[in-house]
Amino acid sequence: TYFHKLLFDISEALTTTELDALKFLSLDYIPVSKLEGIQRPQDFFKVLQEKNMMEAGNLSYLKELLFYISRIDLLETRLGSSREEMERELQVPGRAKVSAYRQLLYRIAEDLAPEDVKDVKFLLQEQIPRNKLQDNAAMLDVFIEMEKKGILGEDNLSKLKTLCANINISLLKRIEEYELKFAGSEPCCATCKGRGAPGGQCSFTNCLSSQQLEVYKMTSRPRGVCLILNNHDFAKAREAVPELRHMKDRNGTDVDAAALRRVFSKLHFTIAEYKDLTAEEIRKTVNIYKCEDHKDKDCFVCCILSHGKKGIIYGVDGQEVPIQELTTSFTGRNCRSLAGKPKVFFVQACQGEACQKGVTIETDSGKQDSSIETDARFQLDCIPTEADFLLGMATLQDYVSYRSTRQGTWYIQALCQHLEYSCPRGEDILTILTAVNREVSRKTCMPNAEKQMPQPSFTLRKKLIFPVN
């Protein structure tokens, strides 16, 4: 039948990790002993049918599960729903079936980095059998073992709070916020009448205010232009500017450009790449796209790969172009066809200060034999005060960033990987950039354990999501 063909198609699209997530979110309805033996999504769906939680005319629970695990693509293509529809539906009292407690644990598991999970397992060695804490045990599995041992429950979060206090203080704050909203017998908020009990009436989504964030329109084909300014050869700068005579070529930048082309092509952008531009050529190129008619497009993206310093980027002739000049070219006043639409800039450009020597890591600075690059510091005037801008900088003020001659920069490579993974799952750009921050901040350049911390800044008014389908 069509119903079973639909479930089969959905099951074929689910990964093992996603199946584990669905099983975990359903623990309030299906005993763990029954779920442990399920290895295929088809078998999980059969159990949901046996429990009368899913039938041909009612797929609301399946939609809810797919929403929580961010498979928005399946919601849209297979079930005819959307992120916005689900957010509205799950605000209705009694609509959400997954308890706030179960959602809390799932979100915590999602936000724990692999290193954090290892730390949790180490701290639980006295309470959980070691064979349950092996390297291949996911965090959701650990939570299940904690529940079995009675050290975790809806009204027993003390151990989890202690773990988070040691590993990730932001997660501790999330648990405390959950307790304030959902613990006890009082309703969690004025609009949500539920009490957060398992299978009950309340969820995080229920308690979102009625002022749900809108989402930028992103339906045009193509979505817009992705402009890539890729400067590699700085021979002209070395010849023309005495103080830049030691500025090196940016070996590895083509790897970044290729990754950007690949990802933004998948996101349905028209790619326009320009290589080795002088400062004047950068200005002329930006002016071309400033004057272009974007009325049939939903977005504009500009990726800048070059040397730079303190809020400027260099042309290959060693002349300076302020980042502010580039971003303000696309304000509503200067580019009317992009008014009200998101303008996104990713900047990988250095200040020119080196910190250590290396072999496979080079610098975007003017110092010879350097092994690191120090990116242009984010400055408040780099991003227009007008709405709908996003500026992604590779590093915080005064901190270094890294570029491999073979693998590209830490920041651009992490950005592309997370866009490629998370956009099909319906994640918004700020969530994705937070994940990029986490990944890059955990990297270390030996031998001096140098670190890097990217920083996005934005005046976005809505969620920015790049649908793949």
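Glycine is no exception: its Cβ is also placed from the backbone N, Cα and C atoms.
With DSSP classes pooled into helix, strand and coil, the tally for the domain 'DED' (2-80) is 53 helix, 2 strand, 24 coil. Here TrEMBL flags 2-80 (among others) as domain 'DED'.
Residues annotated as domain 'DED' in TrEMBL: 100-177 (among others).
According to TrEMBL, the feature domain 'Caspase family p20' maps to 222-354. Note on the domain 'Caspase family p20' (222-354): DSSP counts are 45 helix, 38 strand, 50 coil.
If you average pLDDT over the domain 'Caspase family p10' (383-466) in this model, you get 77. Here TrEMBL flags 383-466 as domain 'Caspase family p10'.
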